Amino acid sequence: MQNTRLWTLRLCYDWMSLGHPGDKREPNPGFSGPQADAPTAESNQPVKYPFFSYINVITQKEMDFFNSSDQNLTSEELFNKMPSKILVSLTLSGLALTTTTINSLVIAAIIVTRKLHHPANYLICSLAVTDFLVAVLVMPFSIVYIVKESWIMGQVVCDIWLSVDITCCTCSILHLSAIALDRYRAITDAVEYARKRTPKHAGIMITVVWIISVFISMPPLFWRHQGTSRDDECIIKHDHIVSTIYSTFGAFYIPLTLILILYYKIYKAAKTLYHKRKASRISKEELNGQVLSESGEKSTRLVSTPYVLEKSLSDPSTDFDKIHSTMKSSRSEFKHEKSWRRQKISGTRERKAATTLGLILGAFVICWLPFFVKELVVNVCEKCKISEEMSNFLTWLGYLNSLINPLIYTIFNEEFKKAFQKLVRCRC
């Protein structure tokens, strides 16, 4: 109906622009046709039509009406999106705050607790620092970008944010590789590596990880400026296949392969070590059983020796007094139940080690593999597209690994649990 009215008004405008029979006009020698007619020289003023002015007013009002309708429609759409935006911003802000808090607890626990001053824990502390930087310097800008649906902070801030994002996320992944390498050498070459496992050695590993992360993250930023980028977006477009392969393989696929190989060897070595200890215990139990029938107190000391050795190798924080008092229980009960109890403990530890490795690998693969598969496929395949919502989801799934890392690497350590409890009590 509105379009019909505008069309009718347009016809009136065209008719009025042709003039009427009473007007004296001379044809324009340079043009032909009715639209080329001009006022006579007798009148220097253009011909004015009151009705034409009225038509102009009506037409302008009609166009204002349609413009206001478009604005109202946009406002209504924004109003409908508001609840979802609030939910997304609150959820992502909660994840960022939780990640910041947990990694802060890990860092504080390692700094304050003297028992945690160990080279292996220095790697975990550096990992927590990296994940803390992701939560503080990367996540907040990403939240604003997602909620606003456009980049509003300029290209300089965009470059800084992207460099910090890529560097910290890559560094977090490489820390997992360094921790896997440290654990592998500690198990397969325990005696020799114990002398090399110093704070200086841990510091060198951390420095190398950060240097590699910077070298991996800088080239994609350089390639980003080779093409044109809009002011309202802050992304890295991998127009070159070389840059895509370089960044994805350097930041994820090569570390993933290294982690899988190392943890597989760790699991095999731990399983072999358990079986060797089990065979050694069986032979020693037969010898200790013979001594048990000859001397009570002496046999208690002989039997407790391999058990204490096993506990000390598997758990450095073992309380030897408790073990010794436990081994001084009644000899008849100990003689019949000792073998079954040790087999149960060995099986429990083997399952615990497998569970820990499974959680570490599972969390890492689930969080980061979808993102890097998307990065590789979308940038290599020109016809492959992905929605902005899915892209944001996969990005934050990778950020979620910074929340999971401190939980996995500390939840199975009793010293960390005690340190966390002390910190919470002090803050309360």
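Each Cβ is built from the backbone N, Cα and C atoms, and glycine gets one as well.
TrEMBL entries are annotated by machine, without manual review.
As annotated by TrEMBL, region 'Disordered' applies to 24-44.
If you look up TrEMBL, you'll see 86-112 (among others) marked as transmembrane segment.
Sequence annotations record features per position, and here TrEMBL assigns domain 'G-protein coupled receptors family 1 profile' to 102-409.
The transmembrane segment annotation in TrEMBL covers 124-148 (among others). Away from its own ends, the transmembrane segment (124-148) comes close to residues 85, 88-89, 92-93, 95-97, 99-100, 103-104, 106-107, 110-111, 157, 161, 164-165, 168-169, 171-172, 175-176, 179, 206, 209, 234, 392, 395-396, 399, 402-403, 405-406, 409-410 of its chain (Cβ-Cβ under 8 Å, at least six residues beyond either end).
Feature annotation from TrEMBL assigns transmembrane segment to 160-181 (among others). Tertiary proximity for the transmembrane segment (160-181) is limited to same-chain residues at least six positions away from its ends with a CB under 8 Å from its CB atoms, namely 120, 123-124, 126-127, 130-131, 133-134, 137-138, 141-142, 153, 205-206, 209-210, 212-214, 216-218, 220-221, 224, 234, 236, 247, 250-252, 255, 258-259, 262-263, 266, 360, 364, 368, 398-399, 401-402, 405, 409.
Here TrEMBL flags 202-223 (among others) as transmembrane segment.
Summarising the annotation, TrEMBL assigns transmembrane segment to 243-264 (among others).
Long-range contacts of the transmembrane segment (353-373) within its own chain (CB-CB distance under 8 A, at least 6 residues past either end) are made by residues 173, 176, 248, 251-253, 256, 259-260, 263, 266-267, 270, 394-395, 397-398, 400-401, 404-405, 408-409, 412. The feature transmembrane segment is assigned by TrEMBL to 353-373 (among others).
Residues or ranges marked as transmembrane segment by TrEMBL: 393-412 (among others). Sequence-remote contacts of a segment are chain residues at least 6 beyond its ends whose Cβ falls under 8 Å from one of its Cβ atoms, and for the transmembrane segment (393-412) they are 92, 95, 98-99, 102-103, 105-106, 109, 124, 127-128, 130-131, 134-135, 138-139, 142, 169, 172, 176, 179, 352, 356, 359-360, 363-364, 366-368, 370-371, 374, 420.
On the 0 to 100 pLDDT scale, the domain 'G-protein coupled receptors family 1 profile' (102-409) averages 78 in this prediction.
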